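Visitor: Okay, here's the structure, questions in a sec.
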Amino acid sequence: DPDFKDLGILKPLPVCEFEMGGPEGIVESVQIVKEGKASETEAVDCKWYIRAPPRSKIYLRFLDYEMQNSNECKRNFVAVYDGSSSVEDLKAKFCSTVANDVMLRTGLGVIRMWADEGSRSSRFQMLFTSFQEPPCEANTFFCHSNMCINNTLVCNGLQNCVYPWDENHCKEKRKANLLDQLTNTSGTIIGVTSCIVIILIVISVIVQIKQPRKKFVQRKTDFDQTVFQEVFEPPHYELCTLRGTGPTADLADVADDFENYHKLRRSSSKCIHDHHCGSQVSSIKGSRSNLSTRDASVLTEIQ
């Protein structure tokens, strides 16, 4: 690499190459350690060879990218080659903070990652998609960007087109895919969690059912019927009766007065009879006036 001509002869590095292909795939830096190509503290110069199906090209889209020593291309970078790994076929080189998508013109792409001993924390993740140019065949999907991808890539949860035409209106299918992708471990964890939640719900329901009953029994024992009767029953009233010597004496006086009054009435009636029998009219009028006066005096005494 011309960028390293001033460094002299470098010490030998471990062989680090990968072969990939198919309608799509993911290239990522963690494969280096996972597949035992190099240790985590060792400098690396790794290459991924991507081979597309016949008459197909390759579209590369970064999913994750971060260089530990940003803008220091001699310490860490990610390069993309179109057709071979030679310098003449270098398509793009990224060592700063941003990495753009790349559209290759051939069906062979090479991804290269260089990182020295102090840059092994640099990482990247890239999605490659094989596509054909229109017109699209029967088993392909048109991406509206001069791309025809395999129908199996539609609604797979990843954007394989330049624009997300392949992932629009895919909610129902994505739910089914998520259920299909559940592993035994995930199913066990979900089952155990669900059982714990159900047990907690049952315990809370039992507590809620028993708690009100306890309160009701406690109130029932403390209930005092006499207090309730005093509050809600109306008071009893007794009819007044005349008792004692005072009222009895008054009634006796009233009876005597009535007796005297009747005697006077009888005597006055006799006088009136006498006047009618033989007296003159003037004497009768006088007698009647006298009788009226006596009656008034008697009534006043009675009152």
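Heads up, the Cβ atoms here are built off N, Cα and C, so glycines get one too.
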Visitor: Determine, on the basis of TrEMBL, the cysteine among Cys136, Cys155, Cys161 paired with Cys148 in a disulphide.
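Guide: According to TrEMBL, the disulfide partner of Cys148 among Cys136, Cys155, Cys161 is Cys136.
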Visitor: Considering the candidates Cys155, Cys161, which is the cysteine that TrEMBL reports in a disulfide bond with Cys170?
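Guide: Out of the candidates Cys155, Cys161, the one TrEMBL links to Cys170 is Cys155.
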Visitor: Consider the disulfide-bonded residues Cys136, Cys148, Cys155 and say which one has the Cα lying nearest the Cα of Cys161 (disulfide bond).
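Guide: With Cα distances computed to Cys161 (disulfide bond), the winner among Cys136, Cys148, Cys155 is Cys148.
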Visitor: Within a 10 Å radius around the Cβ, which one of these disulfide-bonded residues has the most neighbouring Cβ atoms: Cys136, Cys148?
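Guide: The residue with the most neighbouring Cβ atoms within 10 Å is Cys148.
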Visitor: Counting by DSSP secondary structure, give me helix, strand and coil numbers for the domain 'CUB' (16-131).
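Guide: Helix/strand/coil tally for the domain 'CUB' (16-131): 10 helix, 59 strand, 47 coil.
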Visitor: Long-range neighbours only, meaning 6 or more apart in sequence with Cβ under 8 Å: which ones does Cys143 (disulfide bond) have?
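Guide: When sequence neighbours closer than 6 are ignored, Cys143 (disulfide bond) has Phe131, Ile149, Asn160, Cys161, Val162, Tyr163, Trp165, Asp166 within Cβ distance under 8 Å.
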Visitor: Return the residue, from the listed disulfide-bonded residues Cys155, Cys161, Cys170, with the maximum count of other C-beta atoms within 10 angstroms of its C-beta.
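Guide: Of the disulfide-bonded residues Cys155, Cys161, Cys170, the most buried by Cβ count within 10 Å is Cys161.
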Visitor: Take the domain 'CUB' (16-131) and average the pLDDT across it for me.
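Guide: That region's mean pLDDT is 93.
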